[in-house]
Protein chains: 2
Amino acid sequence: MNQPDEPTEQTSIEQPDAWDQLEQIVAAGDPDAAHTFLKELPPGEDARIMAQLSETEQHEFIALLDDENAARLMESLPELQAGQLLSTLSAEQAAHIFDEMNSDEQVDLLDQLTDAQSEAILEEMDPEEAENVRFLSKYSRLCAGGLMITELLSFQETETVDDVVSDLRKNAEKYAEYNVQYIYVINADLQLVGVLRLRDLLMAPPGRKLSKMMIANPHSFPDMTPLQDLLHFFDAHPLFGLPVVDENKVLVGVVRREDVEAASEELAGKTFLRFAGIMGGEELRSLPLKTRSARRLSWLSINILLNIVAASIIAMYEETLESVIALAVFLPIVSDMSGCSGNQAIAVSTRELVLGVIRPSDWLHVFRKEFGLGIVNGLALGILLGGVAYIWKGNPYLGLVIGGALALNTLMAVCLGALIPLLLKGFKLDPALASGPILTTLTDMCGFFLVLSFAQALLPWLI
Amino acid sequence: MNQPDEPTEQTSIEQPDAWDQLEQIVAAGDPDAAHTFLKELPPGEDARIMAQLSETEQHEFIALLDDENAARLMESLPELQAGQLLSTLSAEQAAHIFDEMNSDEQVDLLDQLTDAQSEAILEEMDPEEAENVRFLSKYSRLCAGGLMITELLSFQETETVDDVVSDLRKNAEKYAEYNVQYIYVINADLQLVGVLRLRDLLMAPPGRKLSKMMIANPHSFPDMTPLQDLLHFFDAHPLFGLPVVDENKVLVGVVRREDVEAASEELAGKTFLRFAGIMGGEELRSLPLKTRSARRLSWLSINILLNIVAASIIAMYEETLESVIALAVFLPIVSDMSGCSGNQAIAVSTRELVLGVIRPSDWLHVFRKEFGLGIVNGLALGILLGGVAYIWKGNPYLGLVIGGALALNTLMAVCLGALIPLLLKGFKLDPALASGPILTTLTDMCGFFLVLSFAQALLPWLI
């Protein structure tokens, strides 16, 4: 929690030669140069530089840094990148760097490694710290226990303000790394019984017992509290952190706002990628081609099958299509437009679910809202595209077929798009992952069917 | 910053009848019931309940709350929702609620209103506060000045620890709302010269001058520092806030980590919606149908034109299509699959831009990475779909046409998808907004052209 001593200028500076600089430093093997380089790098720039270094270069650069700076660098990189970097180090090197990190960061980084790798590092670490990390990694990343840090200040309720202040003085060194915001008061059974703000200590008479001045029965999270609830809570309360207790009400850690928000941002990033059909974890281009290709193909291959299923509808109407070839021009348009309308509805539902504005049980409310919008947009788009078809071939019936099909299909697409995420969420599935493909398959099939069956019905007037 | 006195239980409880409860409370007009209701609501639940109330009901409910609670409720709602709620109140009611909020929240909420509405509220507010809000709203939401709060503790460098502590004691009441983390030290010209942590006060002899113990020349942000840089900084440094100074180095406010992270989450949410083609601001279903429909149509109508342009390629090959009608089945598949591959690349580039792992100037690095992946995925998908075409019609040349076209088009799609966001970003345009439509139009046109021109070339073997 020391104030950084970097230059005040924050606007990130384009520095084309930063990379070359770094390579020279690595080549020269000059630790001081490496530290100055890191210090003078504009914020966020480090991630970009490292992304462009080869594994060997990354390895050589890290080797130049002292453990403290290596730890800070790894913390500032996206976890995926930090994990790659870590895996290039020996277990011993890694362990030393780990000793400079907070417990939660240690756990997050080990998550990025294979069990064998992380086990090797834990072996090398200070036994007590390793013990602690093993304890924390039992928790899922997405609950209070998985997000909390165990570096906290707790005192017995029987102690006095003086006891605390003198302890703070004595351990100022050690506590410097802690985010000391609150002092937690525990009873003989290590259960949380109260909390104090540093401010309260400043303003209280030295001799007073903590039990006499603490905020009793403070708010705390059970260690299994899910991320969403933590996020909602911190949104609603301007607190920096809250104590976490186990099922016996024993104080086990502190979950900090910053970690909760970082976790939810990370989640949002993953959701964003999954929404675009990238599975099995985040993709950064520094990952090996094999992994990247696999993660993208894993759903492209599903998607192509769904596409074939949808297109099979067209195959069933080959004769109709043959006699009114113009329809072939509009099939992709109807399918694409309906897909877009549906995806908008999916996005809004996904967003409203995240904001907690709707729940799966609100499907009727959502359906009503979306049905109205579907009629308006359906008519607008149908008239537009139908008009184009009419003018192009000078045949009003063609316009009727195309416009009518698009209008109906849009209505269906927005209703489906709005409800699918609720349905998936209701079944505890990930809306971002499955909504898109399911929707487009359905809208494609339905769109092709509507266009071609309308056409068949009006065939005499179309040819 | 007081510890909330809510029940410890955090797991959000399904309560189907919460809404009815609320309606009864509103009907009964019982303030106490309203307050208890809010208090017992699981976190985040309030947003959902309000979303389902009619404007009148929302209005009546807010009227039941005291200013303090009304302020807390509004802060916990998504801004869009809070804005709607606010606009149902009289300027005077709103002003009273505003006096309970931090300066940054006041500004954010006024952003949601028309100038007339916000002017009316400012008129009713405590003149000093209004003055302050007017000052803050000069700044963009997305820079340090627009995110900072002006509630901070600053003291002259000539003062002593005792002066500070006694001031803290005297104003404990008032400072309770402040997020007291640091104490800022200024000189006679009100310029920031140092910073102190509460901890430092605890550990220092009472008589010492601040100038003797402060961390001199602390890190600070110029008031125009953009959000991205703030975010990068807080990612890299475990600080709760940093002072903001104007061009004369005068201390004007404090920007807090929580506000920076909230702003970037809000931005991510908007990006997510824009990515799905919702323009002109966020959509919540509580908005009027007219607005919602317009925001979605605004790009659907662009998209339909782009689609028509792309499909016109098909129109140019009607004869070829007529003689090999099977092609019509594969056109939508090729167009959709290429769109998907391209969108994956767009998502990865957008994500890497957000993480700061790449810059527009890195386009060559990105292109190389994507080209390799395009070849692998292109071959995989081409062989798959080509095989299906071959087997379906028993004609190897059809397989060659379809497979070859998809392979080439996939390669093009991923390269374009990867580069378009960089290009747009380079031109200071919003990648999330324009990337999708541009990409799909190009991939559609190119895909249709490849399939149909290959078919034309091999026509003798296809019929």
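Using the three backbone atoms N, Cα and C, a Cβ is placed for every residue, glycine included.
The annotation domain 'CBS' is assigned in TrEMBL to A:148-213, A:214-271. Summarising the annotation, TrEMBL assigns transmembrane segment to A:297-317, A:371-392, A:398-424, A:436-459.
The largest share of C-beta pairs under 8 angstroms with the transmembrane segment (A:297-317) comes from A:436-459, of the ranges A:371-392, A:398-424, A:436-459. Per-residue pLDDT, averaged over the domain 'CBS' (A:148-213), rounds to 84.
Sequence-distant contacts of the transmembrane segment (A:371-392), counting only residues of its own chain at least 6 positions beyond either end whose CB sits under 8 Å from a CB of the stretch, comprise 326, 330, 333-334, 337, 341, 398-415.
Secondary structure of the domain 'CBS' (A:214-271), assigned with DSSP and counted as helix (H, G, I), strand (E, B) and coil, comes to 25 helix, 17 strand, 16 coil.
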